[in-house]
Every structure is written in structure tokens, then in C-alpha cells.
Amino acid sequence: KTSLPCPSNYCTAFTFFVLFIEQDPHVDDGDENTERGNWASKREYILSTIGYAVGLGNIWRFPYLAYKNGGGAFLIPYFVMLVVTGIPLFFLESAFGQFCSQGPINIWRAVPILQGVGIAMVLVTLIVSIYYNVIIAYSLYYMFASFQSPLPWSSCLSWADSNCSSTPRVSCNVSGVLVANWTQYNITCPETDVITDPVQSPSEQYWDRVALQRSSGLDETGPVVWHLALCLLLSSILVAAALIRGIKSSGKVVYFTATFPYVVILILLIRGVTLEGAGDGIQFYIGSQSNLTKLYEAQIWKDAATQTFYSLSIGWGGVMTLASYNSFHNNMFKDAFVVTLTNAGTSVLAGFAIFSILGHMAHIYQMPVGQVVKEGFGLAFIAYPDAMSKLPISPLWSVLFFFMLLTVGLDSQFAGIEVIVTCLLDAFPKIFKHKRALLTTSACAIVYLLGLPCVTQAGIYWVTLVDQFVASWVLLVLALLEIIGICYIYGGNRFIKDIEMMLGSKSFAFWLWWRVCWFFISPSIIVVILVWSLMTFKPPFYGGVQFPVWGLALGWCMVVFILLWIPVVAVYKLMKAQGSPWKRLKTSCSPSKDWHPYLDVHRGERYSEERCCPMRNRENKQEVNVNVISSSWL
């Protein structure tokens, strides 16, 4: 809007820049819901949800579980559990969030007495986001450290102690005297007299003594490890930048962060299978070494169900939050299959890439594959870096691997922070509607500050403590209450009618399988795993270091703090209701007047008349009550 001459290209670019800066992050010309906003495209939602579901556990836990539980035999119970628990619960949470377009707290307007479950979900997500941010910081540090040749953990350098060795130390017991180089003295040593001295690999000592600067235990906090604190700050900045405009900006970022890990996995797989000894590693993973007799053991089924449940992030609130930004008539049924099957396929594919290179490392060390396999931090930051240091052009493979861990972690962190921000926006829309950038930045800053204790010299103990207490069976409790609330209190039939408002009518045969899973199979499996987990609970430890009593007490306090909100909110809802105790209970278990599709155009007769005409409801009170009661059962 100027009379001055201006080259068309420059004017166009300037106009686009101004429009981009001034655009309200909540308003988009293509949005169905202009107040909350929607995903710009179906691809962005799918990629964001895949990125959320595919986490670090797919890379460093699934391959180890498959190896431990009979190799290929583990895939049978894993996919069985995926069908009977993973897909049904993912479908349930997606539909629940999409129907009302609200976060995990406001969504419980459907069953007000269980609104504490939503608060507990947000608290779990907040606490887990703190230590997940730390794991991203570990990945950043190792990625930067990989820009050295040779890799700093390829040999024992000045930071190592006398217990560091790149090769096993073997001695022979000759008449009570340990002889290291017995072959030089022409001594024949029987296998029973060969003694292997315990040593630590360079990668293990680098992890403990350089990266973590690990202290002797939780009692010895030590100073902040500043290189990790700076990486933690960079991680928080990356997350804040990606979420600065909510799903409008993160939806663009996931085009790279959700797809790049697959490129790296394929590259590592192609490189791995060409290495000597790779076949042995794959055989141990799911090859001829598979042990089908493991199927008769209960442990393999428990591990399969647990891995399925946690890898899909059921009970965290993230699936509901991401689905709440869908358009009302989005087919979340197909989405559930796409995301869950992609997640499972990623786990299997990552296992091939991991074990092919571990097989090569075992070949170099002349050791069985089982002796070099680790899980969790041991796999990601000790075993696999050690294996990559043995490859030609090792810095390249190391940078790719840790950059992959970085992108996988960031995708999950995006959803975690989005859960927190969405709940605050839904709770206080007038205050935060035009302050999303400030709210997101504040949330990331708080997560950063709360994560500083986890980058002290005792930080790894704090990370392990939170992981073992918060991100474990607490989620099973929340998921069980979620199923009870939706299927038994709100009503399975009523929920199915809500889904049909989005998808259209379906046959009875179509819903029969989902009814069986939601009402019986899924909750039964969760109860079994929950009871089993509590009965077999062992105090957590890290690196052979036991936690002090006060540390374990703090872990239980975190659990109580999260779950305490459920009875507290339930009691508050009962006290707030009016009438007799029975009437208060019925009111607290019935949907509130604010429970309905977000937009008026989608409410139809079911919600426009029932919710907007209370006088008619009072006149037909007996009939309505009967319908409410009958809809709570099969």
C-alpha cells in the first residue's frame, strides 16, 4: 500500500513476511475451529502423533526386550497385545479428545468426579518432561562430542583410571599365582583356570567420568555439570522455538523431526548388515536363536503388554491433546491404525539396525553377543557408541546416531509441553489466548530450571528415580480409571454414539470388537500388569548404587502427590453438588452442561436439545434418567 515504485519480488516477499509476523497463531483461514485452531493438514497431525508415540524406548528398550524374551518369539505376544490393548486404547483416547476439542483436564467434563485423573495426567507429563529434556541434553552433548576424530571414547585417555581397558584382561591361575601373559612362558592354561578381570570399556568410563561426572550416589549431589546445563538450555530453546505458535509451528517442524529418524535408521541398517559379525547380532535379535519355549512363560507376555502400553504413550494425555486439534469429522479410526502400526514397525526396524552393529562389536571383541547387549542408557550411551567407534569414519556414524536420538526425543518433548500449554489455554482462554508465545516460553523455562538438579553430578540418579516411580505403574492406574470413567460411568453406548457423530453410523458387528476390548480385555490386562508390577516392585538403583531411604521416600511422595488429586477432586465435586448423597454422586458422575462438541454446528439434536433445554429435561426427568443408566452398560 504505497505509491513508491517497488520491484514485485521484493514487495511480495515483504508482504508475506509482515503477514506471517502479524498472523494470530490461533486463526487460520482454513481452520474449522478459529478459536483453538486446527492442524493445517492431516499429514501434520499424523507426523506429530507418530513423533510423539515413537520415543527413545523404541530405540533402546524394544530391541533388548526382544533379545531377552526369545528373539522372534517376542513378536508374537507383542503384536497380540498391540491388537487387544494398544490399538483399542489409542483409538479411545483419540476419539475422546477429538470429540470435545479440549485438553486432558477439561475433557473430564464428561465425568466430573474423575477430573482429578486429568490433573494427574498433566502432572505426570510435566515431571516426565523435566527428565526427558535432560536425556535430550545427553544426546546433544554426545552429538557435539562426535565432531572429533578419533571419537573421544574410542580409547582410554587422560580422564580414564587404571580399570579402563579396550580389551578384556585375562589371567591364568598357575599354582595360586595369576599370570597375565602365560603363553609367553609356554604355559598351557586349562579353561577352568582362566580368570577374566573385571574392567570398564572406554565408552563406559567416558559416560561416567566425563559426560555425567557421576558422583558416588544420590547423597552426593555435587556441582552442576555445566556442559550438560548448556545442552539442557539449548534443548529448551529448541522446544520453545518449535512450539512458539503452537501446532501451527510444530506441525511444520515435524516434517523433518518425525521423518529424519527413519532415514538414519535405514542408513545405519544398510551399513550394519555389511559388517563382519552382523549376522550373529541379527540371529540373536530375532533370527534362528529365537526361543519359542519362552511363550510358555508369563514374563514375556507381561513385557510385551508393558512395552505396547508405554510406547504408545497411553495415559499421558498427549494423545488426547493432539487429537483435540483435529477437525470434528476427522477419521481418527484410520489414524489409530496408521500410528500404532508405524510405531510397532519402527521398533522392529530399529532393532535390526542396533543388533547388526552390536554383532560386529561382539565379533571384534571375540565375545558372545549377549555380553555386549545392554538396555536404556547403557545401550544408547555406552554399548552403541563403543560399537560405532570401531567403524571406519566413526564420527559420521556417531553424529547421525545421536542426531537421530535428538530428533526422536524432541518430537516427544513437543507433545509433552503442548499438553501443559493446552491445558492452561483451555482453563484460562481469556487470559492466555493471545499470549501463547509467552506461555510456551515460560513453560520451557520452568522445565529447564526444574531440570537443573538432573544435570548435577548426581543427576543420573534423579533421572532414574523419577523414571522408575513416575513413568511406570502410575500410568497404569490412570489408564484404568480412564477406561472405567469412559466405558462404565459415562457409558460405552453413549461414547459410541459420540464417535458416530464424527465418523457416521457403524454396524453392531463393527463395534462388537471394540466393546469387548474396552469393557473386558484391555482393563483386565491392565489390572494384571498393575498387580504384578506392585508385587514384583524392587527399589530402583543405577550402576550398582542403591538409593538411600530418603530418596525412595521422595519417590513414593511423588507418586502420592500425583494420585492424591484424584480423590481430592472427587470429594470437591461431591461437596460442590447439591442434594442428598446419592443425588450428589449421580450429579458428579453425569456429564456437565459444558460437555459437548466445541462448535455449535456439530452438536446436533443430542447436545443442542439435551443441554440447551433444561426445562424439557426436567419435564422428562424419569425418561432421561433411564437413558443415562442404560447407556452405561453394554
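Quick reminder: no glycine exception, Cβ is built from N, Cα and C everywhere.
What TrEMBL says about a protein is an automatic prediction, not a curated fact.
Recorded disulfide link (TrEMBL): C156 to C164, out of the candidates C164, C172. The distance from the Cα of S412 (Na(+) binding site) to the Cα of C164 (disulfide bond) comes to 35 Å. Residues 36, 48, 51-52, 54-56, 58-59, 103-106, 118, 121-122, 125-126, 128-129, 132-133, 135-136, 139-140, 142-143, 146-147, 151, 235, 238-239, 242-243, 246-247, 250, 253-254, 256-258, 260-261, 264-265, 267-268, 271, 313, 316-318, 321-322, 324, 380, 384-385, 388-389, 432-433, 436, 439-440, 443-444, 447 of the same chain sit 6 or more residues outside the transmembrane segment (396-425) yet have a Cβ under 8 Å from a Cβ within it. In this structure the C-alpha atoms belonging to S311 (Na(+) binding site) and C156 (disulfide bond) are separated by 36 Å. Sequence-distant residue pairs (6 or more apart) of the transmembrane segment (308-325) and the transmembrane segment (437-463) include fewer than 3 whose Cβ atoms are under 8 Å, leaving the two stretches without contact. By the Cβ criterion (distance under 8 Å, sequence gap of 6 or more), the transmembrane segment (437-463) is counted as touching the transmembrane segment (224-244), at least 3 such pairs being found. Within 8 Å of the centroid defined by the CB atoms of G51, A53, V54, N58, S311, N343, D411, S412, the record's Na(+) site, lie the Cβ atoms of I50, Y52, G55, S313, T346, V408, excluding the listed residues themselves. Sequence-distant contacts of G51 (Na(+) binding site), defined by Cβ-Cβ distance under 8 angstroms and a gap of at least six in the same chain, are V254, T257, A258, V408, D411, S412, F414, A415. Separation of the C-alpha atoms of C164 (disulfide bond) and A53 (Na(+) binding site): 38 Å, rounded to the nearest whole number. The separation of N58 (Na(+) binding site) from C156 (disulfide bond), Cα to Cα, is 31 Å.
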